[in-house]
């Protein structure tokens, strides 16, 4: 007679050391786990609630400027170095890890209108109200040396913005026209203009590096090609665009920050319709910057708040504000995609987490596993009404909240008027214009 023996391999259940976790045999057959989905739902709900409890995005405030912060620039090689220009002509270089100012330069008389770093990180350029473009060394002067710029170019008109080429020793300035400069020369290589109004901002494309975009006060966004030394095409919007920012991952996509409280993401191959209209601000949008991943961007507004938008969504996923923060003039997303900096006109630079509830510092393997598991649970149940409501809810200052309510009433009134006009008109005489096309006046090539 054969006797069947139970044979078990100790390797499957015995711990190697006392510090190891106990190994638990799991049977994943769904019939054995009838309450798996309700259990997961409760876990997802708790994870969503905890995420809101631990959402503490504000990290630090860098104070030292004696006037409003007008522009920010990132160092291309160092994550800890940030440059800022103020309305009194002062430029400061900050160390983010120490949260201290490491160098102060009185660069211009009047506003510092723009600041940008060279692609190698050895020097940086500033433009100001005194009609000059100055190049400065990134490292401070040696012992006993004076703080002097490497080069100074005196122009004919006030420059309102500057940006450096991503790969070559070339930079662009804007004012009455867009000028392309070689670093070794004191006169521009070429000047491009289309229209007569002043140009407020110019940006080089990080991928197709010969392309650049500018926005002017006559409501235009103009695209140029440096190789042809001519403008390519322009799109005219309802209201003025303050600045644009190119997507660092998709060569043809850029986002424009507009005075009509919206942001418009365009594909430069089809400018007649924006890819997406991003609506949530209640005042003019003054600056925009993309995350290095190209999936999200951050916008700064006159309504004293900054918002984070996913590229493919029309509503923001996050809004940051503090009682002390006034009109936010400039904003930057750091190159490691973890932090956001904003400069406002009450003289402070603020540092925020890009992900409000993220835990800073080194995570253990168990913490990482729990974080990933919770993230998957939240994604699985994200459309459940209760979880969706908790995840979406944000506390807003009273001023912003009341303006949102007011704008909802106005929008509803406009919609009602359009419906009535359509109802009482001859069929085909009134055309329905989509939200995307409403704000585009014309595209000129």
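Sequential numbering from 1, following the chain as shown.
Cβ from N, Cα, C; glycine included.
Annotated repeat 'WD' per TrEMBL: 62-104 (among others), in sequence order. Through the fold, the repeat 'WD' (62-104) approaches residues 110-121, 124, 126, 128-130, 136, 138, 140, 329-332, 334-336, 339, 341-351 of its own chain, all at least 6 residues removed from its boundaries and within a Cβ separation under 8 Å.
For the repeat 'WD' (278-319), the residues of the chain that approach it from at least six positions outside its boundaries are 57, 242-250, 253, 255-265, 325-333, 335-337, 340, 342, 344, 352, 354, 356, 394, 396-397, 399-400, 403-404, 407, judged by C-beta separation under 8 angstroms. Among the features that TrEMBL reports, repeat 'WD' is placed at 278-319 (among others).
Within its own chain, the repeat 'WD' (321-362) has Cβ neighbours under 8 Å at 50-52, 54-63, 65-74, 76, 79, 82, 84, 86-87, 94, 96, 99, 286-293, 296-302, 304-306, 308, 371, 396-397, 400, counting only residues six or more beyond its boundaries. Residues or ranges marked as repeat 'WD' by TrEMBL: 321-362 (among others).
The domain 'Sof1-like protein' annotation in TrEMBL covers 354-440.
In terms of DSSP secondary structure, the domain 'Sof1-like protein' (354-440) contains 54 helix, 1 strand, 32 coil.
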